[in-house]
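**Q** TrEMBL lists 1-388 with the feature domain 'Major facilitator superfamily (MFS) profile'. For 20-42, 54-73, 79-103, 115-137, 149-169, 181-204, 224-245, 257-279, 285-304, 325-347, 359-381, the entry in TrEMBL reads transmembrane segment.
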Amino acid sequence: MMCYSILGPFFPKEAEKKGASNTVIGMIFGCYALFNLLASLVFGKYLVHIGAKFMFVAGMFVSGGVTVLFGVLDQVPEGPVFIAMCFLVRIIDAISFAAAITASSSILAKAFPNNVATVMGSLETFSGLGLVLGPPLGGFLYQSFGYEVPFILLGCIVLLMVPLNMCILPNYESDPGKHSFWKLIILPKVAFISFVITSLSSGFGFLDPTLSLFVLEKFNLPAGYVGLVFLGLALSYTISSPLVGLLSDEMPHLRKWLLVFGNLITAGCYMLLGPAPFLHIKSQLWLLVLILVINGISAAMSLISTFPEILSCAHENGFEEGLSTVGLVSGLFGAMWSVGAFVGPTLGGFLYEKIGFEWAAALQGLWALTSGLVMGLFYLLEHSRRRRRCKLQNSLGTEEEQTALLPDET
């Protein structure tokens with residue numbers, strides 16, 4: 001995750017020196033999410049054929065290698081050659097990252113089948129830490145040692161993890177499944193949860209290009225303090241993720257409501273971030289930081305529940321309980337997250353320019369509100385259908401008992 005987030009503080013400036021325009025720099029960032037999406041679907045489908053352990057180790061090896069390569073791009077001639085190499089290295093990194101993340105989720109869900117949410121929550125803790133620590137560490141290393149060192153150091157750390165995981169990780173053998181992504185995504189519940197994942201991912205992505213500009217403009221903070229504002233969101237998400245995961249596994253019946261209310265609270269947070277002009281609340285820094293902290297907790301409530309919910313829905317609808325189904329779910333999760341990671345910053349940047357941060361954040365909140373209400377409505381309908389089915393089965397059972405008790409007329 002640090003390899004992913006390290007670019008933010010200094011790469012755009014270096015790319016400008018090499019003749020890349022702001023649009024091209026945006027595309028270099030954006031192509032990562034696009035290829036991550038495509039690769040997640042492919043690797044999820046063929047996880048069993050390739051092997052989860054091999055996919056994870058190979059993904060890490062390639063990702064570490066290309067991170068090191070990214071560190072020597074400043075030696076490449078400026079202009080089209082530099083831009084082409086940036087795209088190539090970034091795309092390979094996205095594909096290898098998709099392989100490692102899809103395989104890691106699958107291995108953990110297979111190793112801990114009764115604690116999927118807890119394990120995913122723990123994983124999100126370290127994802128959050130990587131995203132938080134990447135930019136400040138990258139900025140410090142860049143200022144102290146230059147462009148190459150941040151990438152080479154992190155790339156080497158990832159490469160050192162490869163032999164360690166080859167020794168530690170178990171091998172999981174499984175037969176290829178007969179189901180496809182299409183069969184999974186057309187299940188109504190899975191389609192709605194996919195919409196929730198995209199909504200949450202897009203919300204995080206929306207803040208990347210917009211929040212720092214808004215904070216600098218509105219509160220005249222020094223640039224160094226802007227990172228601390230982001231810290232409120234990242235730390236609350238990092239700390240609450242494993243706790244939500246534990247609660248979700250201990251009380252599975254609460255999972256659906258964590259998902260729904262997490263979305264509704266997230267929607268309220270985005271409405272209050274600006275705050276939205278129609279609320280007539282004065283924008284204050286303490287309120288912004290508080291809202292970001294609450295947003296981190298509410299996002300964890302929704303997000304950690306999505307993976308086990310999709311997995312249980314797949315099993316209920318005839319998908320086999322094995323690595324092939326877990327692979328499909330991991331791939332789908334990664335793909336939907338990438339859609340949001342692509343749409344959020346792209347649309348966020350555009351809306352920020354056109355209508356300002358306050359209205360743009362309110363529109364982002366509207367997306368979270370829609371996904372929360374749709375999921376809530378779906379769960380209520382599902383609950384009423386199950387009650388009707390139980391009543392019908394009970395009445396049929398009572399009739400059969402009465403028929404059995406009647407004396408035989410013959």
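Backbone N, Cα and C define each Cβ position, glycine as well.
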**Q** Report yes or no: does the transmembrane segment (325-347) come within contact of the transmembrane segment (20-42), defined as 3 or more CB pairs under 8 Å with a sequence separation of 6 or more?
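**A** In contact, yes.
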**Q** Name the range, of those listed as 20-42, 54-73, 79-103, 115-137, 359-381, that has the largest tally of Cβ pairs under 8 Å with the transmembrane segment (181-204).
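**A** Stretch with maximum Cβ contacts: 359-381.
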**Q** Okay, the transmembrane segment (285-304) and the transmembrane segment (115-137): do they have at least three CB pairs under 8 Å, pairs separated by 6 or more?
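**A** Yes, since the transmembrane segment (115-137) and the transmembrane segment (285-304) share at least 3 Cβ pairs closer than 8 Å, they count as touching.
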**Q** Among 20-42, 54-73, 149-169, 257-279, 285-304, which stretch has the most Cβ pairs under 8 Å to the transmembrane segment (359-381)?
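**A** Stretch with maximum Cβ contacts: 257-279.
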**Q** Which of 54-73, 79-103, 149-169, 257-279, 285-304 has the most Cβ pairs closer than 8 Å to the transmembrane segment (20-42)?
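**A** Answer, by Cβ pair count: 79-103.
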**Q** Counting Cβ pairs under 8 Å to the transmembrane segment (149-169), which of 54-73, 79-103, 285-304 comes out on top?
**A** 54-73
**Q** Answer with yes or no whether the transmembrane segment (54-73) touches the transmembrane segment (79-103) by the criterion of at least three Cβ pairs under 8 A, sequence separation 6 or more.
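**A** In contact, yes.
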**Q** Let me spell it out: take the transmembrane segment (285-304), skip the flanking residues so only those 6+ beyond its ends count, and list any with a Cβ under 8 Å from a Cβ in it.
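**A** Same-chain contacts beyond the ends: 117, 120-121, 124, 196-197, 200, 203-204, 215, 219, 221, 229-230, 232-238, 240-241, 244-245, 248, 258-259, 261-263, 265-266, 269-270, 272-273, 275, 372.
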